[in-house]
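Enquirer: I'd like to ask you about the structure that follows.
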Amino acid sequence: MSITPGTYNITNVAYTNRLIDLTGSNPAENTLIIGHHLNKTPSGYGNQQWTLVQLPHTTIYTMQAVNPQSYVRVRDDNLVDGAALVGSQQPTPVSIESAGNSGQFRIKIPNLGLALTLPSDANSTPIVLGEVDETSTNQLWAFESVSAV
């Protein structure tokens, strides 16, 4: 199963009440990307909706918040375990791979063995890169098309 380019709410599998969220809908460079509860308010919802664009002839994607239009990027391009994800005008490309479970995916940095990881259920926990752990559900994500919300 693969992900179709489009716009999604992306929820962590381990912490099902936490979505990928651009903190405070802040368009400033290096604004933290966090796990946050669903925020269905007119001013805050677009920062939890992510448009996936597939790069031509690849299985690589960019992820961009609907509002504001900031891309997911690894802070300072520091592609190491524990690095924070931030909003940026420049994307860090990712691969989105089925985890073998119905509707569950791992978002990875291509060819590096690092995946987007939500370390805690606490609201506003920064999403970081973590070494891929096939047994860890906090590295798994469910994608819900915004047309289905």
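Including glycine, each Cβ sits where the backbone N, Cα and C put it.
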Enquirer: According to Swiss-Prot, D21, G24, N47 bind carbohydrate; which of N30, N39 is also listed for that site?
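Expert: Swiss-Prot lists D21, G24, N47 binding carbohydrate, and from N30, N39 it also lists N39.
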Enquirer: Using DSSP, would you call N39 (carbohydrate binding site) helix, strand or coil?
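Expert: Its secondary structure by DSSP: coil.
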Enquirer: Using a 10 angstroms cut-off on Cβ to Cβ distances, just flag whichever of S2, N47 is the loneliest among these recorded positions.
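Expert: Candidates: the recorded positions S2, N47. Fewest Cβ atoms within 10 Å: S2.
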